[in-house]
């Protein structure tokens with residue numbers, strides 16, 4: 001038996017379930033109950049890679065930038081000019097470092113979803129997007145109170161409208177500004193990463209399932225694997241887009257908090 | 001995004017309040033229906049105020 005046929009004959013579990021997202025521990029001494037899984041490792045790797053990359057590329061900056069320095073500066077320049085300043089205005093520059101960190105971190109974390117052997121994004125576990133969304137949430141509320149004092153409550157909750165419909169509108173404002181915002185930030189990122197991983201699993205495992213069921217289905221299996229490759233490219237677009245969307249929305253919430261006029 | 005969150009928010013908030021009224025008065029769904037309609041209308045109004053003319 002060649003290696004290939006062993007793989008083909010292997011009993012592949014299909015369809016994939018949510019259980020596939022709960023990876024076993026990679027610590028050699030533990031089963032499922034040791035917390036150190038691939039997801040943990042990927043999180044640490046993301047942080048380490050980002051710190052190292054930006055430290056190394058900004059060490060000894062050149063007037064004519066090297067390639068590494070050029071890329072790092074381009075990323076920062078992109079977030080500063082096209083997200084921070086674009087959304088918040090001139091004073092947005094002071095939020096550019098946080099927004100760049102956020103963008104790079106989410107992008108790196110998402111990117112693991114299509115990197116061979118990693119093949120899962122930590123953001124496919126909702127805990128990670130929740131923490132990021134809570135940071136954005138606390139941040140725009142804090143900035144609002146620092147800018148407007150107690151007047152922030154009025155600034156955020158009272159829309160420009162005649163007084164007699166305000167009792168109807170204020171609860172809606174409260175709901176959509178303080179409850180829907182963090183919820184939708186977290187769920188959007190999580191669901192995109194979860195669905196991306198699930199899709200790739202379905203098409204990869206589905207190919208094996210079909211070829212195991214009937215040898216006549218081999219062409220369909222191959223089509224399924226080709227689809228996996230195509231979907232990997234689609235997933236890359238989603239990865240970049242979701243990192244961008246999360247950052248832009250955070251910037252737009254900050255803008256709503258620090259702007260002078262009632263938005 | 002803003003528009004969707006206002007529209008859904010309006011219906012959820014006032015539909016929810018209407019549901020609470022239903023529970024209180026023992027009516028079945030009348031309060032929630034009225035609430036959702038009012039909430040939807042208020043949501044449309046907010047979207048127009050925020051995004052429209």
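Every residue gets a Cβ built from N, Cα and C, even glycine.
Unlike curated records, TrEMBL annotations are generated automatically.
Taken from TrEMBL, the feature transmembrane segment covers A:41-58 (among others).
Residues or ranges marked as transmembrane segment by TrEMBL: A:95-120 (among others).
Positions annotated as transmembrane segment by TrEMBL: A:126-145 (among others). Beyond the transmembrane segment (A:126-145), the same-chain residues lying 6 or more positions past its ends with a Cβ under 8 Å from any Cβ of the stretch are 43, 98, 102, 105-106, 109, 152, 155-156, 178, 181-183, 185-190, 193-194, 246, 249-250, 253-254, 256-258.
The transmembrane segment feature in TrEMBL is assigned to A:157-179 (among others).
For A:185-210 (among others), the entry in TrEMBL reads transmembrane segment. Taking Cβ pairs closer than 8 Å, the transmembrane segment (A:185-210) reaches residues 8, 10, 12-16, 20-21, 106, 110, 113-114, 119-121, 123-126, 128-130, 132-133, 136-137, 217, 220-222, 224-225, 227-228, 231-232, 235, 238-239, 242, 245-246, 249-250 in its own chain, all 6 or more past its ends.
Proximity of distant same-chain residues to the transmembrane segment (A:222-245), defined by a Cβ-Cβ separation under 8 Å and at least 6 residues beyond the stretch ends, is recorded for 83, 103, 106-107, 110-111, 113-114, 121, 188-189, 192-193, 196, 199-200, 203-204, 206-207, 210. Taken from TrEMBL, the feature transmembrane segment applies to A:222-245 (among others).
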